[in-house]
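Participant: First, the structure itself, so that you have it in front of you.
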Amino acid sequence: MNKWTGLSAAAVLESRAQHGANLIPTKKLTPFWLLFLEQFKSLVVILLLVATILSLVVAIISGVNANWLFDHNLVIEWTQPFVILITVLANSLIGSIQEFKAQKSAHTLKSLTQPFTRVFREEGLVSLPVGEVVVGDIIFLEAGDIIPADGKVLQANHLRCMESFLTGESVPVDKSVVNTGGKGLLEQTNLLFSGAQVVFGSGVFEVTAVGLNTQVGQIVKTVDSSATKLSPLQQKLEKVGKWFSWFGLGLFVVVFLVQLGLLGFHNFSANWSIALIGAIALVVAIIPEGLVTFINVIFALSVQKLTKQKAIIKYLAAIETLGGVQIICTDKTGTLTQNKMKVVDYFCFSNTTQTDLARALCLCNNATVNTNGDSTGDPTEIALLQWLDRDGLELNHYTRVYEKAFDSNRKLMSVVVQKDNRFIVIVKGAHDVLLPLCKGLDSNQIKPLIDERASNGLRNLAVGLKVLYCFDPENTQTVNELESELDFLGSVSLQDPPRIESKAAIMACHQANITPIMITGDHLKTATAIAKELGILTDERQAILGVDLDPAKIMEYRVFARVTPQQKLEIVNAWKQAGYTVAVTGDGVNDAPALVTSDVGCCMGQTGVDIAKDAADVIISDDNFATIVNGIEQGRKTFLTCKRVLFNLFLTSIAGTIVVLLGLFVLGEVFREQLSKANHNFQVFTPTQLLIINLFVHGFPAVALAIQPVQEKLMLKPFSTKNLFYNRGGFDLIWQSLLLSFLTLLFYSLGMVYAINDPELGKSGDLINRAGATCGFMVLGGSAALNSLNLMVDRPLVATNPKHYGIVWLGALSSIFVFLLIIFINPLGLVFSTLKDLTAHPVLIGYSFGGVLLYMTINEVVKLIRLSYGSV
């Protein structure tokens, strides 16, 4: 080591100035306040904030002009803007809190990197933080070290590195001063890459790239420049929200001007606030205020469930996208398999005993396995030691006197051990190399067995030995003759076996119309064998090597072996461009571009590197494919729940808009004489009433729907998130909205007629309107609350078991209870503009509940008719 002369202090400074520091910026946590502010980018939220400001202006000006300081109307006017504002803030808090929690969960899973490395500088070999390494530095490496930067090998003493995080190759790579590999950058054996681990030997290399200029750094830059993904539902809701907002804004202007004209432009100062409140009420009716809030609540509850199931969702919307996945491009090692080599079979030749084979494998082995399970060394050698029962082998009687390390050219490892006056040569390696070195052996006897195991994806190691009575390690001729005239002992077969639950998870994918695709850096035979065993592959013609891949035929294959990161990206893009929703699993730096490009990137939490975790949308903390499938099922449930809640939201928005419009211009004209005599400016529903309907009516059922277990077998049938209201959904929304608006107006009118004819109520236009509003308020809100039960099942409610939907029943009845509090408790009735002392008017109570029962009855009749025609 003393022959290496390192950089001087001046050269270090010059190199750092020219090439930069050896640092890769980690993705910082987005501050909570910034996440909170980002929630306000929605046009719906902006419009609601404008409505808040306008309502506040009206409250202040009206209060000052009318001297309402001690009037109950001041409370009513001030309630409206703050209810709208609380709605906006609640939504923003829910979304930002959950995303911040998910960020922190993902951040805690990041792995710790080696902080120091050994560098030759002008003062000799020193230990320095990896961040101080510069281009031109000479680095010393030995087993266990993490390579701190990219570089070129200067000296290699049986140097072997694990580069699976970058290349996908599951076995260590032999490194040498001269390239003995391919021409591709990652195939060159004389190059080292930042983040790789030295698993055997030692070496020296010169740093050629640091920080963002390393191979890892280049991938980081690709990941950081990626755009934020929107889920299919988010994309639809963004369009729907804009449509509702612009439509509402247009109607706001029209209704304000028309109503002002009807009231009289000549008295603008007295009438503008009345017209403005009516227009704001219309905007509040049109905009489904709970649109974002309830979706975030449903997403958050689903995310919590999945966190308990070992899946950490970094972004709320990813849960819904996961439910719509049609293609899963999954890695093999560690995801479908256990990421742990195991001996699955062995063969003892002739008179060899299992003890003989075991002893030879222990002696020709450089790995260590402690009693507590900790291990170091080559994964294959570790697997051999874990398989063997070393008790009784008397290994302490043998002393190793010589080793000829494994290298990729010879494909052999040899050791000489001494016991008493005998020297025993033990050789292990590939069958095709070792069998010809054995004496008295017809390799054709062994070859069929080995070929069969190889075709099943097993890695086979042959073992041979011979006994010498003298051995001189300094004698070159003796050393060269070691690997000859061997006695064949037998062989062992190893495999990274599939996880127990993987096969069932793959079967669940097929049943759910999801296509699993294996993309691996491993060998084709190994990948094919595992894929066939798990059910991914039925025809071997659907498996292909990366070098043979034709981009135009990507969708014909189900297994891709020995692929490059660029090819993995091409595979993902091919399926996406064909219109499929694609999930990708990965754990290495090489997987990061595909994780970003996919619709849902799933990174393994245990084996995943930080860059892959940053790129992913979901972190699978138990590295299990079955967890991804569980996530898809939860995602489907989430989408179904969102669809049901959105149906109810749109139902009340459409019905409420129709009621407010027709109420202002039809009921206002019909009852003009009675209202004008009573000196009252007519208004159908206040903004506060509509907000109560849009929030509390849907709030409890929305949470209940999210918690309620879904009875449908969602993973046993095709599923799509492409259409929000498919299978009659759009038609049902239209006719139910028309029905609900008709019934609301009908019972609103009946309530007003009753009040007009009542000796006490008929004296006040305000009381006449409150009587109608009480009935209409209950019909619109109560019907929407109970409609959540209708949405749970296609069959009539009378034909279902209430126990199966107990949580939704509780949610619906909780909403009804809120309405009862408002209409029966006088102070609340005052604030929300309903009639006080309703118990004195049982007819109005009958109207209120009669309209709800009529709506539900008509829905039940429609279901019965559909059931009789077999269209449910």
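Note: Cβ is positioned from N, Cα and C throughout, glycine not excepted.
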Participant: Answer yes or no as to whether Swiss-Prot lists Lys28 and Glu123 within the same topological domain, that is, on the same side of the membrane.
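Facilitator: Taking the topological domain names from Swiss-Prot at face value, Lys28 sits on the side where Glu123 is.
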Participant: Pick from 409-428, 569-588, 769-788: which range does Swiss-Prot record as transmembrane segment?
Facilitator: 769-788
Participant: Measuring Cα to Cα, how far is Asp587 (Mg(2+) binding site) from Asp331 (active site, 4-aspartylphosphate intermediate) in Å?
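Facilitator: Just about 9 Å between their Cα atoms.
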Participant: Just name the most isolated of the binding-site residues Asp587, Asp591, going by other Cβ atoms within 10 Å of its Cβ.
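Facilitator: Counting other Cβ atoms within 10 Å of each of the binding-site residues Asp587, Asp591, the minimum falls on Asp587.
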Participant: For the transmembrane segment (80-100) and the transmembrane segment (238-257), decide whether they are in contact, meaning at least 3 CB pairs lie under 8 A, counting pairs 6 or more apart in sequence.
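Facilitator: No, the transmembrane segment (80-100) does not contact the transmembrane segment (238-257).
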Participant: Considering only Cβ pairs within less than 8 angstroms, which of the stretches 238-257, 686-706, 725-747 has the most against the transmembrane segment (643-662)?
Facilitator: 725-747
Participant: Please report the DSSP secondary structure of Asp587 (Mg(2+) binding site), reduced to three states.
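Facilitator: DSSP call for Asp587 (Mg(2+) binding site): coil, neither helix nor strand.
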Participant: Quick one: find which recorded stretch in 686-706, 725-747, 843-863 has the most Cβ pairs under 8 Å with the transmembrane segment (802-824).
Facilitator: 686-706
Participant: Please check if the transmembrane segment (686-706) comes into contact with the transmembrane segment (769-788), where contact means 3 or more CB pairs closer than 8 Å and the residues in each pair are separated by 6 or more positions.
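Facilitator: Per Cβ check, the transmembrane segment (686-706) touches the transmembrane segment (769-788).
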Participant: Determine which residues of the chain contact the transmembrane segment (769-788) at the Cβ level, with the cut-off under 8 Å and only residues 6 or more beyond its ends counted.
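Facilitator: For the transmembrane segment (769-788), the far contacts come to 644-645, 648, 651-652, 655-656, 659, 667, 675, 680, 682-686, 689, 692-693, 696-698, 700-701, 704-705, 736, 740, 743-745, 747-752, 754-755, 758, 761, 808, 811-812, 815-816, 819, 822-823, 829, 832-835, 838, 841, 844, 847-849, 851-852, 855-856, 859.
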Participant: How about long-range neighbours of the topological domain 'Extracellular' (825-842): same chain, 6 or more residues beyond its ends, C-beta under 8 Å?
Facilitator: 72, 75-76, 79, 686, 688-689, 692, 754, 758, 761, 767, 769-771, 773-774, 777
